[in-house]
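Visitor: Take this structure, written in structure tokens, and hold onto it; I'll ask about it next.
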Amino acid sequence: MFELIFLGTSASVPSHDRNHPGLLVQAGGQRILVDCGEGIQRQLLASGAGFRRLDRILLTHGHLDHVLGIPGLFSTLRLRRSADVMSVHGSPGTIDVVIRMLAGLWGDGRAPIPLELVPLTPGQVLDAGAFTINCFAVRHRDTDSFGFEFVSPARRHLLPERLAALAVPDGPIRKTLADGYPVTLDDGRIVTPEDVLGTPGGGKKLVIVGDTETTDGLQAHVRGADLLVIEATFLQRDSATARDYGHLTAAEAAALAASGNVGQLVLNHISGRYPDEEILAEARSIFPATRIASDFDRLTV
């Protein structure tokens, strides 16, 4: 299960109601920040999530509206005397932006907190314990951008009726079966996992795409996602302008969701030039299971 807290949902210019981009994903005891726009500290506090115990930051790309919150966040963590190592993941170009930004404030090779900078490559898979994060390339103007597939595996659960029928006692022996290993009961009978486990279920797939100028190449990554979060900066009537600035229209985002058999579509990176109702109408005409993200929205998948 993944819990999402939308911290910033604006396009490059923030508004009264929308902060610069940032999204917190919580799952399996992990707290992962996707993008770190200006003002992210206050958004974390206002959301109730807080900014301590962040496990890592994933950056979709290095444009300033997605990374300018990093220095302030790191400075506050230093004041809080955080000893945890912060891992920041992004493309080589994005990591270079972070390095230069930190160097301008604290000097070459220095940072205010323990820091691990991790350049990403397309196809790289990050192990987050209870789930994995597949990193894939995204096209957005002059950047080497990334999208992220969060995948929790389907699991088989113990069937109470089978446990009772086979007289399997409570305790560690049941955990052994749940972990996939056979056990021997006190009376000598051998019980295997196949005897007491149900069919696989419960696996989830969350896909997050930041700024992108095309849906080409994204189909394989979004296919079958329970939830797709993706930008929709323009409407289709302004598709030429969308191309010029390297962004999608709401119609294009919806078409991608429809072709990928996505469960739910959440539109993000919202421009103040359009009423939300108009953006939503364009997308829902193609993919009805669409909503627009707002700051401090919480979703669970």
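Glycine residues also receive a Cβ, built from the backbone N, Cα and C atoms like all the rest.
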Visitor: Of the candidates ASP186, ASP187, ASP195, ASP211, which one does Swiss-Prot list alongside HIS61, HIS63, HIS140 as binding Zn(2+) 1?
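Guide: The candidate from ASP186, ASP187, ASP195, ASP211 that Swiss-Prot ties to Zn(2+) 1 along with HIS61, HIS63, HIS140 is ASP211.
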Visitor: Using C-alpha atoms only, work out the spacing between HIS63 (Zn(2+) 1 binding site) and HIS269 (Zn(2+) 2 binding site) and round it to an integer in Å.
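Guide: Each residue's Cα considered, HIS63 (Zn(2+) 1 binding site) and HIS269 (Zn(2+) 2 binding site) end up 13 Å apart.
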Visitor: Pop the Cα-Cα gap between HIS269 (Zn(2+) 2 binding site) and HIS140 (Zn(2+) 1 binding site) into the table, whole Å please.
Guide: 14
Visitor: By a 10 A CB contact count over all chains shown, which of the recorded positions listed here is most packed: ASP65, ASP211?
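Guide: Per the Cβ count, the most surrounded site is ASP211.
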Visitor: To the nearest whole angstrom, state the Cα distance for the pair HIS269 (Zn(2+) 2 binding site) and ASP65 (active site, proton acceptor).
Guide: 11
Visitor: Which are the residues of the chain, ASP65, HIS66, ASP211, HIS269 excluded, whose CB is within 8 A of where the CB atoms of the Zn(2+) 2 site average out, their centroid?
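Guide: Once ASP65, HIS66, ASP211, HIS269 are set aside, the remaining close residues are ALA11, SER12, HIS20, PRO21, ASP35, GLY37, THR60, HIS61, HIS63, GLY210, GLU231.
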Visitor: Starting from the Cβ centroid of HIS61, HIS63, HIS140, ASP211, the recorded Zn(2+) 1 site, name every other residue in that chain with its Cβ within 8 Å, sequence order please.
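Guide: In sequence order, the nearby non-listed residues are THR60, GLY62, HIS66, VAL138, ARG141, THR143, SER145, GLY210, THR212, GLY246.
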Visitor: Quick one: pull the CA-CA distance for HIS66 (Zn(2+) 2 binding site) versus ASP211 (Zn(2+) 1 binding site), whole Å only.
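Guide: Per the Cα atoms, HIS66 (Zn(2+) 2 binding site) and ASP211 (Zn(2+) 1 binding site) stand 10 Å apart.
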